[in-house]
Amino acid sequence: MIKWPWKVQESAHQTALPWQEALSIPLLTGLTEQEQSKLVTLAERFLQQKRLVPLQGFELDSLRSCRIALLFCLPVLELGLEWLDGFHEVLIYPAPFVVDDEWEDDIGLVHNQRIVQSGQSWQQGPIVLNWLDIQDSFDASGFNLIIHEVAHKLDTRNGDRASGVPFISLREVAGWEHDLHAAMNNIQEEIELVGENAASIDAYAASDPAECFAVLSEYFFSAPELFAPRFPSLWQRFCQFYQQDPLQRLHHANDTDSFSATNVH
């Protein structure tokens, strides 16, 4: 029987966090008990090291905090929590938020505009999220705001800016870039054929390599059945980097469900 880490060091003066309830979301159902235990251990440390800051009246309770921490730690389950160094706060709006965006065009003119954002991440600075999209990240649907922003953090460990190439060995970089750009081109071809709304992969992945890595990281964990057969070579690179195989988890979970169904009387 598994010994849950959050029960081992409870004291009479502490209120146990609702980890078992927090784990009961579709995205995490494929994890083994050992993986769940390891994930909770990381998430506990995450909550000790990072500050979750609710904004604009958003109410942050213990269950929400636990689920946010679990999603942050899923991508680094095998990499280690030190991969999430470089920020200390997570700012959480109740819904998508408006920011002032400044950008420079091809001839050097600077433009300012207000845009709606779901999340933001910088190399050194807080991660900004919104609860509506965090809730939508609980399902195994291919969308996951937290994993998207974590992927940007992992990406910037390789240099000053997000490039779509995480911190991997130098001999792997050329192959990674080749497969990533091939995926971007494939996604763009589908968009041109059927349109952004009908594309099977989020069109944002075709915008630049950094966004492609972040979007495909979402699919890696929450819709591996879409990612793996379409980009098998890149899939293997993601498996090697994250040291996880969500497709194998999905197959195991489906086999378990099928076995349970056949043994119901």
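Glycine is no exception: its Cβ is also placed from the backbone N, Cα and C atoms.
Per Swiss-Prot, the feature Zn(2+) binding site maps to H111, H148, H152, E211; the stated evidence is sequence analysis.
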Across all protein chains in the structure, which of the binding-site residues H148, H152 has the highest Cβ count within 10 Å? H148
Are there residues of the same chain, six or more positions away from E211 (Zn(2+) binding site), whose CB falls under 8 angstroms from its CB, and which are they? G164, Y204, A205
I want to verify one value. Collapsing DSSP to three states, which class is H152 (Zn(2+) binding site)? helix
